[in-house]
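The block underneath contains the structure these notes are about, expressed in structure tokens.
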Amino acid sequence: MAADSREEKDGELNVLDDILTEVPEQDDELYNPESEQDKNEKKGSKRKSERMESTDTKRQKPSIHSRQLISKPLSSSVSNNKRIVSTKGKSVTEYKNEEYQRSERNKRLDADRKIRLSSSSSREPYKSQPEKTCLRKRDSERRAKSPTPDGSERIGLEVDRRASRSSQSSKEEVNSEDYGSDHETGSSGSSEQGNNTENEEEGGEEDVEEDEEVDEDAEDDEEVDEDAEEEEEEDEEEEEDEDEDEEEEEYEQDERDQKEEGNDYDTRSEASDSGSESVSFTDGSVRSGSGTDGSDEKKKERKRARGISPIVFDRSGSSASESYAGSEKKHEKLSSSVRAVRKDQTSKLKYVLQDARFFLIKSNNHENVSLAKAKGVWSTLPVNEKKLNLAFRSARSVILIFSVRESGKFQGFARLSSESHHGGSPIHWVLPAGMSAKMLGGVFKIDWICRRELPFTKSAHLTNPWNEHKPVKIGRDGQEIELECGTQLCLLFPPDESIDLYQLIHKMRHKRRMHSQPRSRGRPSRREPVRDVGRRRPEDYDIHNSRKKPRIDYPPEFHQRPGYVKDPRYQEVDSFTNLIPNRRFSGVRRDVFLNGSYNDYVREFHNMGPPPPWQGMPPYPGIEQPPHHPYYQHHAPPPQAHPPYSGHHPVPHEARYRDKRVHDYDMRVDDFLRRTQAVVSGRRSRPRERDRERERDRPRDNRRDRERDRGRDRERERERICDRDRDRGERGRYRR
């Protein structure tokens, strides 16, 4: 018996080898999804042909065993998805005839199946998942929606059978690795060989009965599968139409958003190319899995494919792809807010640049520009200093556009916030060789509008009409730029979010209010405009003029504050002081005070009349003041006791005479300085005056000497004539 069984096995192996050699060989490592799909179709057609052959045996011999008794062989046979054929007692020719007939039927059934699948697959060209794995999600939904329990049980059976079929592919790969072939015939042959050896050990009777039970189950499965496939095809067509409509709407919406935002992101074409998203629409990405793992991955991919945005960023890792939907919404919100902020910044910048004057500032190095950005100051040559000061007084805004020599870029632009001032803390500029800090002018305070750089290539289209229409990048330090050209150049700079333009606009308005403040026509306004430190006059910082400037003595300084209500007691004093331009030197003429000598000043001072009568603090209207003693007509009266409380606080004793004390002290100081200056100047001027007098007297002396000489000559001539006459008279006498 053992020898016979071995001979039969050898014969069967030879037949299987012949069948295997008829199939063309393929590379095991290559994976062809189309051949895999053809294999699955052939498997289904083989099951149908085998079912037709087994109908005769089922009618003759009914099933004896229940489904529970054959659960083990059923699982093995269904998992391999092969029809087990008992070859016991069959010759080789009969076996070949059966295989030939089976292959003919399979060809016809395959042709019908391909026609039916081509109609359904043409509607969805980009979906490449096989039919069995693609319908798992819909089975679970249909199970929940089934109205009757019979329908739910039927769908449950379908899901179980499909799960068993999905595990077939992994087992076929194992069998193909063992026997050296991945074709269907080879794997089926190897599985048939293993099953035949098991059936021979268990007995021929059990094999026939198990085959009949499997055939019955296969019939039920095929009927359920056909119904389910028809329903699923209809559902697929409906869902495909819905998915296509949704995708078209999403694509149109994304195109609109892209036009509005004007971004440079790559759109829909990257969705199928990016491997980092782990969303694959190829055939092999789903078929390579097995069982429930493949179904779970497929469900996640379906959800991700529906919710994915057509705008795809380059991301790596699955975590980025999972959190992409939330980040895309944040990006949309951020983009809208950024657009609003940038629009607001642009409008504010245009307001700042309106009616401004633009100057090109050339720096020798980057260090000075960095120092200017850090401290908000700038210094330039005296020639440019005068130009910028005049522009600051006349223009609404003065914009300085900075550029480092040979850098190929603009380093930003700023607005002048003050005129130049001298005498402040020194700024350690990095100066070129041969240049000292004394060669620079004053220090300007500037407010930076943009600290970011702009390459020259982006401003190549701008020319400066005020520099012979040369490119705006060309120019010397202090070159003025035309208004339109300067505005366009500043708008080309990238926006600097770190700058608050609102404060800059507030400073501009404050400066405009100060310059346009109305003044009274009669006399100059008593309220001095409040000058900040940067707007002080250059002479206030003069180092050489170390003497303190004479202070204008207003009665008290409270009225200089804004919102001050004038005290009625000062009306008379103010009217008196307005008549005298300078109270300290009211009796001395201005030309004598400025240009005269000390003697002239003393002479004028002594010729001055008596001081005006003392006028103390006049009381409030309606309050009488006791008359002064005649002795105190021209002098301050002694301090009096505080009057009783009369509705207001009395003026302190020191405040009454503070003005007088300051006035006397200033008088003494000025007199001393005038005397010393007069003495020094007198000493220097005396020899010069003597020389001048001598020079003046020299022509007079010459004239006098000449006249004297002439007079002497005339007298001598007269004497000679007289002497001659006398001599002649005497001679005539003697002759007589």
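From the backbone N, Cα and C atoms, a Cβ is placed for every residue, glycine too.
As recorded in Swiss-Prot, the features of this protein are as follows:
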COMPBIAS  1-12  compositional bias 'Basic and acidic residues'
MOD_RES   Ser35  phosphoserine
COMPBIAS  50-59  compositional bias 'Basic and acidic residues'
CROSSLNK  Lys96  SUMO2 cross-link
MOD_RES   Ser118  phosphoserine
MOD_RES   Ser120  phosphoserine
MOD_RES   Ser146  phosphoserine
COMPBIAS  151-163  compositional bias 'Basic and acidic residues'
COMPBIAS  170-185  compositional bias 'Basic and acidic residues'
COMPBIAS  186-197  compositional bias 'Polar residues'
COMPBIAS  198-255  compositional bias 'Acidic residues'
COMPBIAS  256-271  compositional bias 'Basic and acidic residues'
COMPBIAS  281-290  compositional bias 'Polar residues'
MOD_RES   Ser309  phosphoserine
COMPBIAS  316-326  compositional bias 'Low complexity'
MOD_RES   Ser316  phosphoserine
MOD_RES   Ser318  phosphoserine
MOD_RES   Ser319  phosphoserine
MOD_RES   Ser321  phosphoserine
BINDING   Lys362, Ser363, Asn364, Trp378, Trp429, Asp477  RNA binding site
MOD_RES   Ser425  phosphoserine
MOD_RES   Ser436  phosphoserine
COMPBIAS  510-524  compositional bias 'Basic residues'
COMPBIAS  525-564  compositional bias 'Basic and acidic residues'
MOD_RES   Ser546  phosphoserine
COMPBIAS  688-736  compositional bias 'Basic and acidic residues'
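Swiss-Prot feature annotations superimposed on the structure.
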residue : record           : CB count, 10 Å
Lys362  : RNA binding site : 15
Ser363  : RNA binding site : 22
Asn364  : RNA binding site : 16
Trp378  : RNA binding site : 24
Ser425  : phosphoserine    : 6
Trp429  : RNA binding site : 18
Ser436  : phosphoserine    : 7
Asp477  : RNA binding site : 16
DSSP-assigned states of the compositional bias 'Basic and acidic residues' (688-736) in counts, ordered helix, strand, coil: 48 helix, 0 strand, 1 coil
Whole-number Å value for how far Ser436 (phosphoserine) lies from Lys362 (RNA binding site) (Cα to Cα): 18
Nearest-integer angstrom distance between the alpha carbons (Cα) of Trp378 (RNA binding site) and Ser425 (phosphoserine): 13
Mapped DSSP class for Ser363 (RNA binding site), helix or strand or coil: strand
Three-state secondary structure, which DSSP defines for Trp429 (RNA binding site): coil
Inter-residue C-alpha distance, Ser425 (phosphoserine) and Ser436 (phosphoserine) (nearest angstrom): 16
Trp429 (RNA binding site) and Ser436 (phosphoserine), Cα-Cα, nearest whole angstrom: 10
RNA site, defined by Lys362, Ser363, Asn364, Trp378, Trp429, Asp477: further same-chain residues with Cβ within 8 Å of the Cβ centre: Ile361, Asn368, Val369, Thr380, Phe402
Helix, strand or coil at Ser436 (phosphoserine) [DSSP, three-state]: coil
